[in-house]
Amino acid sequence: MREYKVVVLGSGGVGKSALTVQFVTGSFIEKYDPTIEDFYRKEIEVDSSPSVLEILDTAGTEQFASMRDLYIKNGQGFILVYSLVNQQSFQDIKPMRDQIIRVKRYERVPMILVGNKVDLEGEREVSYGEGKALAEEWSCPFMETSAKNKASVDELFAEIVRQMNYAAQPNGDEGCCSACVIL
């Protein structure tokens with residue numbers, strides 16, 4: 001059984017913990033309690049292949065931003081979360097993606113851009129088109145989710161497993177360390 005390390009990144013209050021807890025336990029956290037760092041494990045079967053996800057739910061506050069390099073270094077897949085009802089959280093996600101690329105020294109890191117809180121459609125500040133365009137620019141999948149309603153939560157974690165499986169394939173895009181030798 002494959003084991004993968006998934007890191008969930010985003011600003012404070014975007015729903016990183018709510019998404020993770022909804023996926024792992026099937027329950028929604030109503031009260032906002034800022035996270036420093038939480039670690040979860042869950043077995044998941046994607047495309048008939050069992051895997052174990054080690055999910056690191058990170059702090060969204062700048063006070064703990066210095067710890068991000070270590071999270072990124074150890075992570076294999078990244079879920080970048082912003083809140084659909086907070087334009088600033090959408091802007092804040094861009095330097096986080098840049099940090100992943102800087103630490104990994106590779107542009108094709110398995111990641112998914114996620115607009116959370118789709119249940120608050122009437123308060124939306126970030127359009128679907130804006131999220132989709134940014135994901136296309138980054139060449140990564142894009143999803144809108146709701147931890148509260150469990151909308152696309154399981155699909156999100158299944159998709160990051162697919163991204164990591166693809167990256168791990170010998171004929172997949174292996175990045176900086178792949179080489180072709182002709183003798």
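Yeah, the Cβs are placed from backbone N, Cα and C, and that goes for glycine too.
Range with Swiss-Prot annotation motif 'Effector region', chosen from 32-40, 95-103, 104-112, 140-148, is 32-40.
Around the Cβ of Gly10 (GTP binding site), 23 further Cβ atoms fall within 10 Å across all displayed protein chains.
For the binding-site residues given as Gly13, Lys16, Thr58, the lowest number of other CB atoms within 10 Å of the residue's CB is seen at Gly13.
Under the three-state DSSP scheme, Val118 (GTP binding site) falls in the helix class. Its Cβ placed at the centre, Val118 (GTP binding site) has 19 other Cβ atoms within 10 Å.
In the three-state DSSP classification, Thr58 (GTP binding site) falls within a strand.
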